[in-house]
Amino acid sequence: MAANILLVEDEPAIQELIAFNLTQAGHHVLRASTAEAAMVLVKNALPDLVLLDWMLPGASGVDIAKRLRADERTKHVPIIMLTARSEEQDKITGLETGADDYITKPFSPRELLARIKAVLRRRAPQMTDDAVEVQGLRLDPVTHRVAGHGQTLDLGPTEFRLLHFFMTHPERVHSRSQLLDQVWGDHVFVEERTVDVHIRRLRSALEATGHDSLIQTVRGTGYRFSVQP
Ligand code: CA
């Protein structure tokens, strides 16, 4: 389960150590030392998860968490707060701002990785390796295979990610811009038309077993994965 993780930490040694451990575990790490730098990175590409140090120069980690939660585009990004403080009240404040979890320094790399995995499993099911099945359409992230009623379907890597996201977020309308953020990780440098191209390819790959009807166009809004006609 490789995730794009934004690490916001102002102490160089700690930032280095955490980034090293995350990279070793297969994650891609973007780093920022201030709230301002973090917001620029988030604006360019939505990370899968944010590791947020509580105490930063200028705006604090709590401020960043509040800003992320207040914005429609970023309000569902999983956040884990890192803090040197272990008081119960701080923990409550951290979780009230919208953080998904809270970890007190010093922590072991193993503990951090376990927390990241747990939060991703809970908040971003498309990031996990669990197989998903809907009406005979089965996608397995481990073997990277898709099958319709047991028949193997041939999907390109982008169509695979797109289908995985749809299957783990069914019955909801996703705008093109949201899909670019969630599936491409980039809504700035990729054109929205790109989404339509890959939706077409995905539908045609699913046609063989009739599962293309699960990918619905919602006029003027975007796309939806739904079992309801
Ligand atoms: Ca700090």
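Glycine is no exception: its Cβ is also placed from the backbone N, Cα and C atoms.
Because TrEMBL annotations are produced automatically, they should be read as predictions rather than curated entries.
Taken straight from TrEMBL:
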type     : residues : note
DOMAIN   : 4-120    : domain 'Response regulatory'
MOD_RES  : D53      : 4-aspartylphosphate
DOMAIN   : 129-227  : domain 'OmpR/PhoB-type'
DNA_BIND : 129-227  : DNA-binding region
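For D53 (4-aspartylphosphate), other Cβ atoms within 10 Å of its Cβ number 24. DSSP places the residues of the domain 'OmpR/PhoB-type' (129-227) in helix, strand and coil in these numbers: 42 helix, 25 strand, 32 coil. For the domain 'Response regulatory' (4-120), the model gives a mean pLDDT of 90.
Counting residues per DSSP class in helix, strand and coil order gives 54 helix, 24 strand, 39 coil for the domain 'Response regulatory' (4-120).
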